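To start, the structure itself, in structure tokens.
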Amino acid sequence: MSWARTHLRSALSLAAVSARGATTEGAARRWLSAWPAPQEPGMEYQDAVRMLNTLQTNASYLEQVKRQRSDPQAQLEAMEVYLARSGLQVEDLNQLNIIHVTGTKGKGSTCAFTERILRSYGLKTGFFSSPHLVQVRERIRINGKPISPELFTKHFWRLYHQLEEFKDDSHVAMPAYFRFLTLMAFHVFLQEKVDLAVVEVGIGGAYDCTNIIRKPVVCGVSSLGMDHTSLLGDTVEKIAWQKGGIFKPGVPAFTVLQPEGPLAVLRDRAQQTSCPLYLCPPLEALEDGGLPLTLGLEGEHQRSNAALALQLAHCWLEQQDHQDIRELKVSRPSMRWQLPLAPVFHPTSHMRHGLRDTEWPGRTQVLRRGPLTWYLDGAHTTSSVQACVRWYCQSLQRSKHPSGGPEVYVLLFNSTGDRDSAALLKLLQPCQFDYAVFCPNLTEVSSTENADQQNFTVTLDQVLLRCLQHQQHWSCLSEKQASPDFLSSPSPEPGRPGSLQPALRPPHSTGTNSLVFSCISHALQWISQGRDPIFQAPSPPRSLLSHPTASSGASILREAGAIHVLVTGSLHLVGGVLKLLEPSLSQ
């Protein structure tokens, strides 16, 4: 048995025991013994992912985090040590011509737009993003495609062995999950000789492990809001300070229109860093007098992300003295805001095609499968859920209404971490769902599930308790909505976030019923009632709480002319749903 295989078994045994207090060592061994042996000469992809997952519970890393909490700068210093142990220096990253992007809402979509625009120029692109939806290799892309399982496996073990070989008494820990993937992305991009790399910040900016990048070509900040407050601060201004930490001396940076307070913080951070910061004009300004721009991603909020992406791509091409940009006519708007406005220009044909052809699964995505329509959006902050509700309601109003049978509206929701799920659910309440379904971000309740979907940082009891809390919040909101005071209050303004025309409610609805399931698979089986070809033979409903809704709702769903399902609250939840609805994504 190879060293790697032996080390993998030992690490996973420890991870299984430490992550699940009720799991015995014998059970962990039985779980491990069920794995198929890897094909020689190398380790298989799933083995690499299982080993990567052990870094989620790396005990020495957790101890390191406790020590570094009062000194966040030490986190960046530790990342530089890991980079050196892996065989790279910080200066090596300058070869990647990086576009570094942070933000609270839309940073992933902005990166996707930017990468697709530049790829349309024939450039070889690298793209590092998080989290993944179905497979962890989605986080590292070359020319828009996730790296192959073979390439992932090769680079994973090469990096793992390198870090093991060059550890010493003072640096014995392996980097944790996200740090390891960040290092791996840098190695992949350098070895694949990309022309540029689009790098999405993980959390925050100032102390994020991607911020060892010292000389990006350009930086971007998407819309700001409240998220990860325990790490970044409890006000938008504090969060803006963290996000502005990616600014570098002399490196152009762009942001979209923000509230006055956080915009002032970004301006001050830029001035302190000697970073030229520009405010993006709205997309309409770039369309003025020209053809309307078509976006590959749905939702009005994507226009802000597209405007930022155009400026990032334009600046990158300008810095590289690209022929297409030298001939582009631009105008410099007068200063009307706290910041100078970025140039206005008519997008080139390559830019237009890039915006039109952008794909970013799990964000304002619609899947139609027979009578079921799935609306997938990984919104997980108050501002992004507001945008999700607007998109969902607009999509419903454009949808065709069936001639036979009522329409049924279902919410599938989960929220994790320190996010205020009650606040998120309150924003979803006006959509007037018939059923609210809650489940953890687990595709199956089984220890043999795909390694890409495993999370060792929480226990099953913890995630189920969280779902029951979601259900309790929803029930309280439903009771309040049904109260005479609520019914007599003014209706939401048409077109406002959360506004849904009463005519869209099915005639049989008298209120929202809620259910909790132990995994995504059981939730989808109940919602689809065998009417989706993937779930033609559903097992009996497995609601955690006995509820007449399970049986009465099943008959209504079976007879419905159309079933509209909004899946939101967590990108991990959306990823699990996509994994089950589109099995090809796991191949």
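Glycine too: its Cβ is placed from the backbone N, Cα and C atoms.
Small disclaimer: the values here were computed from a predicted structure and weren't measured.
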Per Swiss-Prot, Gly106, Lys107, Gly108, Ser109, Arg363 bind ATP; matching candidate in Asp92, Asp377:
Asp377
Any same-chain residues 6+ apart from Gly108 (ATP binding site) with CB under 8 Å of its CB? Would you list them in sequence order, or say none?
Ser129, Glu200, Trp360, Arg363
Looking at the binding-site residues Gly106, Ser109, Asp377, which has the shortest Cα distance to His228 (Mg(2+) 2 binding site)?
Gly106
Shell list (ATP; ref centroid = CB of Gly106, Lys107, Gly108, Ser109, Arg363, Asp377; cutoff 8 A):
Lys105, Thr110, Ala112, Leu297, Gln302, Asn305, Trp360, Gly378, Ser384
